[in-house]
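A.B. asks: Structure incoming, see below.
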Amino acid sequence: MFREHIIGSKLSLDDSCIYVSEERHPASVTGRFSLSLAQIVSIKSIKVRLRGILAIPMEGVFGSAESREQITFELEQPLASSKTLNVFQMPAGDHTFLFNFQLPSKILDTVTGANNQYHTYRVEVIIERRLKSDFVVSQSIRIYRVSDLETSYSRPHCPLTLEGHSNENIQYCLSIADRNVPFGCTFPVECWFAPLLKYATLNAVTIKVIETQTARLEATAAESVRHNVRFITSAQTQTVFSKTVEFSQEDESPSDDGLSEIEWRFTTPVSLPESLNACSQSISTRHIKISHELFITAEFRDEAGDPTAVITQVMPLKIYMTPNVVGENLSIRGQDIQYIQGSRSPPPPYKERFSDLIVSAAAQLDICGQPTLAEINSARSSSEQSASVHTLEPSPRYEEVV
């Protein structure tokens with residue numbers, strides 16, 4: 001009968017995404033609840049509640065297909081009630097109730113993504129009636145803490161470069177602009193490969209961003225005794241970005257002497273998903289841990305097209321939420337990161353590298369064995385200290401020494 005007397009009800013939030021920071025003014029969840037009644041109704045109370053819920057999927061665990069939930073945060077505010085807390089009569093017509101929740105500076109972030117709703121917040125308006133079921137209107141809201149990476153204006157960028165020599169006799173240099181990247185952004189990955197294997201050529205490079213999720217809750221007393229466990233854990237891994245760059249024979253550039261001295265150097269963008277339901281931010285708490293890694297796999301082949309070597313390198317990433325990313329209606333405005341801290345260039349080609357100083361000096365000896373002044377300043381960069389090899393007396397012959 002109560003629902004038949006309601007012409008309309010609406011819960012409106014001023015902001016669907018709230019950011020909390022210790023250095024800024026206290027954040028608030030504000031909004032209004034509108035209720036239209038066709039006639040007088042008896043109501044015990046009307047209250048609004050902000051609740052945080054931690055949910056762990058139980059599919060395949062203990063034979064259950066449901067989710068285990070736990071309340072992590074709760075604030076409550078009365079909107080209408082009698083002084084004696086008894087049932088009161090609410091007249092017919094339109095009614096509007098305003099509410100305001102002051103949020104603490106330390107609060108667990110909203111954590112959602114592909115196939116998970118680990119931690120969510122909901123605003124609920126509850127109309128309580130005596131000896132009858134409650135009438136509830138709810139709406140979800142996202143709450144994030146502003147990352148220290150966002151509030152520290154003097155924070156230097158943290159570029160990451162991996163270079164080395166693989167077991168397959170391949171030199172490589174891999175660089176990213178910053179290991180800390182905003183949610184939904186696009187950032188460049190620079191790659192350089194120089195196989196020392198004869199006739200080895202680069203076939204394809206695959207770049208992936210892998211997200212690893214782990215969530216856990218304390219097991220109940222009955223579950224602990226029955227299954228001998230302390231925690232219920234849910235773990236899964238997913239690929240949030242994948243891209244393959246292929247190379248053909250036309251990409252190869254043989255050297256002047258006809259030898260297979262080939263090097264590959266290129267930059268390719270990595271675009272994180274611009275959806276709150278396709279990717280999560282990196283986070284590590286008591287109950288939830290989500291990490292991200294960048295996998296770079298290079299495949300090499302021989303002249304016949306048969307695979308000769310495969311190398312894989314892994315770079316850690318930290319994806320953080322920022323107020324500049326989430327727009328109206330929870331749309332994502334991805335940023336385009338194009339900077340590289342320090343040098344953007346991988347090692348130069350082998351034939352262009354500076355040769356050994358001793359060999360260079362020895363090559364400039366005249367026919368009589370008298371070394372000439374060998375200036376090597378031009379071989380070094382302008383930032384290095386100039387150096388020179390001065391004229392020296394030749395070493396005495398063996399028979400003169402004895």
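Using the three backbone atoms N, Cα and C, a Cβ is placed for every residue, glycine included.
Owing to the predicted nature of the structure, the values given are computational and were not obtained by experimental measurement.
Sharing the feature lines straight out of TrEMBL:
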- 378-388: compositional bias 'Low complexity' (COMPBIAS)
- 28-149: domain 'Arrestin-like N-terminal' (DOMAIN)
- 167-305: domain 'Arrestin C-terminal-like' (DOMAIN)
- 376-402: region 'Disordered' (REGION)
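So that I understand the layout, could you describe where these features sit and how close they are to other parts?
C.D. replies: For the domain 'Arrestin-like N-terminal' (28-149), the DSSP counts in helix, strand and coil order read 2 helix, 88 strand, 32 coil.
Across the domain 'Arrestin C-terminal-like' (167-305), mean pLDDT in this model comes to 86.
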A.B. asks: How do the residues of the domain 'Arrestin C-terminal-like' (167-305) split into helix, strand and coil according to DSSP?
C.D. replies: 10 helix, 78 strand, 51 coil
